[in-house]
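Step one of this worksheet: look at the structure below.
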Amino acid sequence: MSMYGSNPKLATMGPRSNSRPDLASSSFRNDVFVGGNGYHGDYQAGDGAGYTSFTYSRSSMHGGGGQKGQISMGGGGGGGMSAMGIQQKAAFLITQCQEYLQRAKTILHSGGPAVEAERLLIMASEVIEQMKFCGRELQQMRIPNDVFRNVEQFQHMHAGIQQQLLGGMTTKRHRGSTSSLDGGGRMFNDAMAWIAQQKRMIETAPWGDDSATIEKQIMSHSKTHSSLQRSHEVDRARDELNSKGDKYNLSILDQEWDSLQKMSHGRITQLRDLQSIIEEISRAIMWVNEREEEELMFDWGDKNVDKYIPMKQENYSRMMSELEEKEKELNKLKVKADGLLHNDHPAADKIQAYMDTLQTQWSWLLQITKCIHVHLKENAAYSQFFKEANETNAKLQKEHDAIRSKFTCNKNTPLENLTDLLKNLEKEKARIVENKRQVQSLVNKSKTIVRLKPRNPEDKSSSPIIVQALCDFKHDQKGILKGNEGILKDNSQRSKWLVTGPGGLDMLIPSVCLLIPPPNPLSIGIASKNEQYYEAIMGIWNQLYINIKSLISWQYCVKDIKYINSLTLSMLSKMGPEEYRSIIKRLETHYQEFQQTSKGSELFGEEDKKTIQGHFDKAQTHYDTLIIQLPTYKEGETKPPPKTTQFYPQPQPAQ
């Protein structure tokens, strides 16, 4: 399996159009771990101020991960070109390669400059490598093509022209040296030409794009290296030079032979170095892609939000610690790769491409961690809000039921009981008012709660759903910046959503990069419901308060009326003016209170009020009558009793 994913051709990769300069940093900086505020890996509620801002662009929804186990090079690249585009590119490359080879052949046949022919061969070799890439892409898409047949033909032509070029250069060189070297002989010239040809083959040998290809090249060149340990051409030349005693040319031959051996051995070393560094980088890319894939597939919806938030916070903290350790490993790997680049490794372009991809993938993963940080903070607030809102609702329900059951009363309730009820009702109000601050706090919080239900594709909305980007994202020359808003068109796939961006263009964006911002109708709805519930309970309390107060004032009125109606002149005469005046004053006060408290009372209708007024008026009339009669009554009590004349019976005359 190719470890390049969809882009195995690294040697010809130019600057990635979807990569930003700040990703190619000199080291694998991970400012997520230690930022300007000393922020470390453990999850903290906050806005992630410890992060360094990366501007990142992607050409693959899964960070170039593709199918699990593949590594996509070039910042998640490769997947952006269509099949038709690849076919058109392959056709262009075939024409270009044919032109280079034909021009090189013409130069050789016309005796033109060998340097120009050699340059054309190098260009043709590079085009052949690009053709291989196109062929592999079409194979992966299962599109029939003849690209590899053309590659084989061009390689055959290339080898033939190269052989002619080497032969011509060797002949010219040796012709020029025959006179100066006093003739090395035909065998010497053949040996030198053979060595030059072997060197040229080593110099122009390709470098594999993945570990498996490089392993084949190591095995192939090991066989070549073994075959280079002995050469009939060189042995015959040595014999000829020894027989002639030509030590000078023998020394030249030995130097060239040693140079060839070193070059051959050096290629094996360089192949092994390349294989080692590519395997290490590939493992690192795989590690990053696996974590990325896991986070891209996570469901940040409302299902089981109370359960997954604590677990996700723990996982996030653990992942940040792992990233901190991984950063150290990647910096060591970069030092190793830089060493090969500084030593001019022949496959430096491939090593650099791998490192660029790793840096891009790493930076993208850090972007994702910033998005995760926001989701954790917002979803934790979501979970806490609905937990508090539901608890408050249950508490208000309990208060509602309690106040209705505890404070029932009617006209038959004794005055003493009414007084106790009033005291308890006032205490109950203190408990009810304690909920006011919580209710108001929830109303304020409800306006800041994100929406989670629309993240579920089964949740259908009649109105457009606005989404907000948590980081910069670019795909197929279309992008969205952090903080920009778009309209969600399709979220049937968990990992990527179809969004209409600020410019009106549709694009696929990883769902982890998107937030559905406030207002949340559900949070606002339940907060409003609790507020209304609280107001309703306070309304019940007020009604009960009025009812009890009206009953108390009514009881006092009845008590006063009964007492006044029981008064007699005898009773009043024993009281001082202040005392009996206070009796009627007390009745008047209690009646005024009743008139006031009974206005909103549920226990006293208009007929009840007329009845009590009639009793009040009669009591007043009775009192006034007594007061009017009182002076006469008192005067009669203080006047001495009249003297009685005793009449004696007159004697009757006798008859």
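Numbering starts at 1 and runs along the chain as it is shown here.
Positions of Cβ are set from backbone N, Cα and C atoms, glycine also.
TrEMBL does not curate its annotations; it predicts them automatically.
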Of 1-25, 151-175, 426-450, the range TrEMBL labels region 'Disordered': 1-25
Among ranges 220-241, 594-615, whichever one TrEMBL labels region 'Disordered': 220-241
Distal contacts, the compositional bias 'Polar residues' (220-229) - CB-CB under 8 A, six or more residues away: 198, 205, 260-261, 264-265, 267-268, 271
For the domain 'Desmoplakin spectrin-like' (552-629), mean pLDDT (0 to 100): 92
For the domain 'Desmoplakin spectrin-like' (552-629), the number of residues DSSP places in helix, strand and coil: 64 helix, 0 strand, 14 coil
